[in-house]
Amino acid sequence: MTGSSDFPVKGLRGRLTPNAPLGPRAWFRVGGPADWLFVPEDQDDLALFLREKPATMPVTVLGACSNVIIRDGGIAGTVIRLARGFADITVQGNSLIVGAAALDITVAEHAAAAGLAGLEFLAGIPGSIGGAVRMNAGAYGSDINAVFEWADILTAEGELRRLSHDELGFAYRHSELPEGSVVIRASLRGTPDNADAIRSRIADIRASREASQPVRARTGGSTFRNPDGHKAWQLIDEAGCRGLQIGDAQVSEKHCNFLLNLGQASSADLETLGETVREKVLAQSGVDLHWEIKRIGRKSEGEQTV
């Protein structure tokens, strides 16, 4: 283990970093440091940490950091980031057994190579499988709920459990994963099909995303959930928020449900902009938008509660 001897859990083999910068890891490129950043070597290393950590230590799991605003004051306790030891992808029959750190697009490509259809939608979702399972990520007419078979998790106490589809209780952008648990791997089901046809559909999804979303900007994916019977982007546009800017935080002119960091935005700028959009949409349409992007961590000193 690399890191400080002050850390309360001994015997870890992974990388442990005190006061670790998180902003450079986030798609928005904003956010304060983690008190501790732990990158476990493997499942056993992570289980040891979860078993032995003090009960009072806050723990936050971060994946690809594509759907999160890390606040400017950083994150208390320990941030867990799963890396290469959790990114394996194997094909078993018509299923893919996927490590939680595997990127969604990589899973889609592996499924295509195996001639398994139904996972193409993952090519349109920035992030990793652990986060996709946790929030029932979806795009282009499908979601994790439609292809999920089971997930192996480590509980907050470090116990390995396998959860079935029914136990996850999927709903729109939601699952019933136990509090404090960490997804280790998941089994996703495909349907046999022609590999070239699958690759063609993936290419279409990637082209559509490139054309309609600010994929090359500092952004975090869809900001708000789609309310029942509405499209969030349309409500935002009708409220006059396209291009709205606070500091270097801007509502994308290309797709209104994306926030952008134009260069020097803070997390506070992004969060304040999002709340301003919510207020304007509520005043215009009476619809209360709910955040899809997770906002985590401490606000900076003196920052007002949003």
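Just so it is clear, glycine is given a Cβ too, placed from its N, Cα and C backbone atoms.
The domain 'FAD-binding PCMH-type' annotation in Swiss-Prot covers 29-193.
Sequence-distant contacts of Arg173 (active site), defined as residues of its own chain at least six apart whose C-beta falls under 8 angstroms from its C-beta, comprise Met135, Asn136, Ala137, Gly138, Arg225, Glu292. Per Swiss-Prot, the feature active site maps to Arg173 (among others); the stated evidence is sequence analysis.
What Swiss-Prot lists as active site, proton donor is Ser222, and the listing cites sequence analysis. Annotation note: Ser222 (active site, proton donor) sits in a coil segment as assigned by DSSP. Counted within 10 Å of its Cβ, the other Cβ atoms near Ser222 (active site, proton donor) come to 23, all protein chains included.
Annotated active site per Swiss-Prot: Glu292 (among others), in sequence order, evidence recorded as sequence analysis. Following the DSSP three-state reduction, the secondary structure of Glu292 (active site) is coil.
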